[in-house]
């Protein structure tokens with residue numbers, strides 16, 4: 001089997017199960033364009049002289065997957081870069097049993113899954129991978145602004161008009177009193193007329209019988 005194909009198959013298996021020997025962090029990270037990213041890979045059981053390689057995969061694992069060897073740290077040579085890697089954007093340095101990968105001025109094209117790897121004899125050991133997403137605008141967690149619900153206008157009945165003047169009770173009482181007075185006056189007039197007629201009749205009778 002060709003070494004390139006062997007590395008491809010081994011890395012695909014690493015994407016599925018990873019390794020507890022190499023502890024990689026963070027699991028995923030999202031940054032804005034031109035931002036900076038720091039990843040770490042710690043070898044738990046390997047000696048401090050073990051080389052830790054950094055690989056990148058730009059898309060989800062598939063039969064046509066292409067993995068790039070980015071860089072590794074050599075105690076004598078220092079940072080050893082892979083092909084087509086921009087040294088000004090990528091730095092690797094050791095920290096005891098860890099390897100630190102520092103990416104600067106990242107672009108959306110740098111998005112992908114980053115793996116750390118150690119080479120044994122003959123096995124390859126991989127970290128679980130760090131998924132990097134580079135976006136132009138970071139998503140916000142703020143909730144969308146809700147338009148206030150317009151309040152319904154309540155139709156109020158017109159206020160009763162207060163009429164100034166005497167109350168109904170007083171008005172009715174006044175009418176009754178006026179009616180009684182009219183009746184009394186009418187009765188007095190009728191009695192007076194009756195008396196006048198009676199007197200006139202008596203006078204006529206007296207004149208007739210003389």
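Even glycines carry a Cβ here, placed using N, Cα and C.
For 41-116, the entry in Swiss-Prot reads disulfide bond, with the evidence type sequence analysis. When secondary structure is read from DSSP and collapsed to three states, residue 41 (disulfide bond) falls in the strand class.
For 22-132, the entry in Swiss-Prot reads domain 'Ig-like V-type'.
Residue environment of residue 102 (N-linked glycosylation site) contains 14 other Cβ atoms, counted within 10 Å of its Cβ in all protein chains. Marked as N-linked glycosylation site by Swiss-Prot: 102.
Under the heading region 'Disordered', Swiss-Prot lists 139-161.
The annotation signal peptide is assigned in Swiss-Prot to 1-21 on the grounds of similarity to another entry.
Here Swiss-Prot flags 22-170 as topological domain 'Extracellular'.
Residues or ranges marked as topological domain 'Cytoplasmic' by Swiss-Prot: 192-210.
Under the heading transmembrane segment, Swiss-Prot lists 171-191.
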Next item on the list: Check each residue in the chain of residue 116 (disulfide bond) that is at least six apart in sequence and keep those whose C-beta is under 8 Å from its C-beta; list them in sequence order.
Entry: 22, 24, 39, 41, 52, 53, 54, 55, 99, 101, 126, 127
Next item on the list: Indicate whether residue 102 (N-linked glycosylation site) is helix, strand or coil by DSSP.
Entry: strand
